[in-house]
Amino acid sequence: MELLYKNIWIVPVCPFVASMSVGLGLFFFPKATKSLRRICAIISIFLLGIAMFISFSIFWQQIRGNPNHQLLWSWFFNKDISLQIGFLIDPLTSTMLVSVTSVGILVMIYSDSYMSHDQGYVRFFAYLSLFTASMLGLVLSPNPVQIYIFWELVGMCSYLLIGFWFSRPSAANACQKAFITNRVGDFGLLLGILGTYWITGSFDIHSLSERFNDLIDSNGVNLFLANMCALLLFLGPAAKSAQFPLHVWLPDAMEGPTPISALIHAATMVAAGIFFVARMFHFFEALPFTMNIISWVGGITALLGATIALAQKDLKKGLAYSTMSQPGYMMLAPGIGSYRAASFHLITHAYSKALLFLGSGSVIHSMEPIVGYSPEKSQNMSFMGGLRKYMPITGTTFLLGTLSLCGIPPFACFWSKDEILVDSWIASASLGWIAWCTAGLTGFYMFRMYFVTFEGDFRGNLSYKDTDKSVSYKSIWGNLQTLSERDKVFSNNSYTSFSDPTGDFYEIPENVFSLPERRIKNKSLNIEKSFNVLSDFKGSDNRNEISEDAFVSINREIRNENILYPNESDNSMLFSLISLAIPTLFIGFIGVPFSHKGINSDLLSDLLAPLTDSFHKDNSENLVDFFLKSIPSVSIALVGVSISFFIYGPVSSRDLRKEIDPKTKDFLGYFFNSLSNWSYYRGYIDNLYNVIFIEGTRILSKSICFFDQWIIDGIVNGIGILSFFGGEGMRYGEGGRIPSYLFGLIIGNILMLIILIIKNDIIQSYEYFTMF
C-alpha cells in the first residue's frame, strides 16, 4: 500500500508521456508519425490503462479504510512564504481518479473508430491524452496554487479540442468564446487564492480551511472581506462548470468532436468546477452568505438549463444544456451543506452523460453519410427518427442513459438526484420547488430527444420546399454550403459547389449530393450518368442556369432507387457504449443509504466519512422508507416522461417529418410557442450578452477612438498648427527692409494711441456719470 501511494505520480505522468510522445513525433516527424497513427492511439490507450489500474487500486485501498496520504516536495521557500507541490490521496481523490480514467479510456477506444476518417487523428489523441493528464493532475493537487496550474492546462486543452476543426469559423469562434468566458472565472479564482493566503497565511487546503474556520469563530477576520474572497474563489468553478451567468460557452463547445464533448461534460472540465467546490467545502461552509449564493446559483442554473433544453433541435446542444442543468444540481447540493449528495451525483452523472454523448456520436456518425457532413444536418433531430430499428444497441444504451438522467429507479442518477431533492426540501422550500420542477423538465426534454431521434419513422431521406432565407456555414471539409434556419431544414434550393471529372465547377442542390462518394459507389449508383447530365451546361457563364430536370433525374436515382438508412456503429464504438451502460445501471448502488440485517450497503458514506455534512444519514432507514421519500421526485419525472410520450412518442398523431414541435393558435398555444422560441434561442441571453458586451465594447471602442482622434490628437495637433502659423508670421516680420520696420512702428504707435484715447474716454465718461 505504501509503495502504491508513493508511486501515485505515475497516474498523471502516463497520459502526459503519451501526449508528449505523440505530439513531439507529430512536430518533428509528421509523415512518419501519421503513418503510425494506430500505434499512437494504442500508446495513448495503453498508458492511460496503466493509470486506470493504479487508480482502481487506490480506490480499493480507500474503501478498505486505509488513511489519507500526502506526498509533498518543497517548491519555493523563504522567510515570508512557503509553497509545496505534491499529491493528495483521500476519498474524494480516489473516486475522481476512477471516474476520469475509466471514462477517459472508453472515450479513447471510441475515438479510434469515430475519428478514423479525420486527418487530425494523431493530433486528436495528443490533445486527448494531455487533457486527461491535466485533469488527473488537478484531482491530485494538495493546494490551490497547484490546482490553478492544472486548472489552466484543462482550460487550454478544452480550447484546443473545442476548436479542433479550426477551419470552421463556428468552431474557431466557439473555442475563443469558451476561452474568454473562462478567463473571467479564472481571474476571480486567482484573486481568491491570493486573498485566501493573505487571510490564512497558508496554501495547504486542510490548513487554510482550519485556520479560516478558527478566524471566523473568533471574529479574527472581516466578514465582508472573507465573503469577497470566497465568492472570488467560487467564480472559477462557476465558469468552469458553466453556471449562470457564465454558462454561455457550453453549448458552443459542441463544435468540437463528439468524443471530446463526452469527456468535457462527463469527467473533466465541467466536473473540475464541482470538484473544486467539494475540495474547498470546509472553507466555504464557514460562510453562510457564500453558501447561500452557491446554492442559488446552482438552483437557477439547473432550472435555466432545463428550460433552454426543451426546444433544442440539435442533439448535442440538447445534451449540452442537460449538462448545464445537472451540474446546477451538483452546485446546489454543497451550497445547502449536502457534500455527500454532490459528490455522489458527480460520479453517477459522469457515466450517464458520457454514455449519452457517445450515443449521440454514434447517431451522428451514422447520419453523416445520408444527410451530409454538416453539423446543422447530421446533428439535427428533424432528420432523424426511427433509428432504434437500424441501431438497436445505440438506441438501447441511449435509453438507459436517458432513464438514468431522468432519475428513474434503479438507474444510477436516481439515487444521487433523489438525495439532492430531499436535502433541497429540507434546506429551503424555494430551492426544493426549483429542484423538483427541474426534475420534471428533465424527464420531458430527455425523452423528447429520445422519441424524436429513435422512435417513429426515419426522416433523413425526405426533403421539403423551403422558402426561408438560408444561412451559410463551412463544413468540416471546408466547403461553403447553405442551410435553412430553425424550422425548415429540408431544403431543395440550397446549393453547393461541385466539380465533375473534367475539373469544371457547378452549383447543385446540396441535398442531391449529400452522400459521400464511397457510399454512392456501394449502392452501385451510376455517377458517370450524373456527370453526363451536367456536362451539357459546361460552357454556361451562369452556373445557376443548370436545368432543374438534371437535378430531378439525379435526385430520383439517389432517393427512389437507392434509399439509404443508418447502420449500427463499429464494434469499438459499441464496446464503449456497452461498457458505460454497466455503471449506468449499477454504480448508484454504492451510495444507497440503508442497511439490512446489520449489513451497510452505503459504501459511499463510509468512504466519505471524514467529510460528513449536515445531511449525513445514520444509515438506519430501511428500503421502504427510502422509496417512500423518493416518490415525489420519481412522480414528477414520470409526469415529464408521460407528457413527452404523448407529444413526441409513437402515439403522437402529428407528422413529425414536417415539424417536431406542436403548433397551436389559441392563447395557450401562444404561450407555449413563446416558451419554445425563448428556449430555442437560449433565453435570449446570448443576444443580451452580444448587445451589452460585444456591441457595447465596439461602441465604447469607437467612442474612445473618436475622442482620441479628434480631442486628444486635436489638442496636440492644434498646438502644433498654432506654433507653425505663429512662426511663419514672425518669419515674414523679419524681412531686413528698413521701410517695412518703419511702417510697422508707425502702425503700432497709431494702435497704441487709439487704445489710450478710447481708454481715457471711457474713464472720463464713467467719472462724469458717477457725479450724479
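Each residue's number is its place along the chain shown, starting with 1.
Using the three backbone atoms N, Cα and C, a Cβ is placed for every residue, glycine included.
According to Swiss-Prot, the feature transmembrane segment maps to 39-59 (among others).
Residues or ranges marked as transmembrane segment by Swiss-Prot: 120-140 (among others). Tertiary neighbourhood of the transmembrane segment (120-140): same-chain residues 8, 11-16, 18-19, 22-23, 26, 33-34, 37, 40-41, 44, 47-48, 51, 87-89, 93, 96-97, 100-101, 104, 107-108, 111, 146-147, 149-151, 153-154, 156-158, 160-161, 164-165, 257, 259-260, 263, 267-269, 271-272, 275, selected by CB-CB distance under 8 Å and a gap of 6+ residues from either end.
According to Swiss-Prot, the transmembrane segment annotation covers 147-167 (among others).
What Swiss-Prot lists as transmembrane segment is 185-205 (among others), and the listing cites sequence analysis.
The transmembrane segment annotation in Swiss-Prot covers 219-239 (among others) and is backed by sequence analysis.
The transmembrane segment feature in Swiss-Prot is assigned to 258-278 (among others); the stated evidence is sequence analysis.
Annotated transmembrane segment per Swiss-Prot: 291-311 (among others), in sequence order, evidence recorded as sequence analysis.
Sequence-distant contacts of the transmembrane segment (395-415), counting only residues of its own chain at least 6 positions beyond either end whose CB sits under 8 Å from a CB of the stretch, comprise 322, 326, 344-345, 348-349, 351-353, 355-356, 359-360, 363, 387-388, 439, 442-443, 446-447, 449-450, 453-454, 577-578, 580-581, 583-589, 591-592, 627, 630, 633-634, 637-638, 640-641. As annotated by Swiss-Prot, transmembrane segment applies to 395-415 (among others), with the evidence given as sequence analysis.
Summarising the annotation, Swiss-Prot assigns transmembrane segment to 425-445 (among others) and lists sequence analysis as the type of evidence.
The annotation transmembrane segment is assigned in Swiss-Prot to 574-594 (among others) on the grounds of sequence analysis.
Among the features that Swiss-Prot reports, transmembrane segment is placed at 710-730 (among others), with the record citing sequence analysis.
Among the features that Swiss-Prot reports, transmembrane segment is placed at 738-758 (among others), with the record citing sequence analysis.
Listed by sequence, the residues of this chain that lie at least six past the ends of the transmembrane segment (185-205) yet keep a Cβ under 8 A from its Cβ atoms are 83-84, 88, 142-145, 148, 151-152, 155, 211-212, 215, 221, 225-226, 228-240, 246, 279-280, 283. In terms of C-beta pairs under 8 Å, the stretch of 39-59, 147-167, 219-239 lying closest in packing to the transmembrane segment (258-278) is 147-167.
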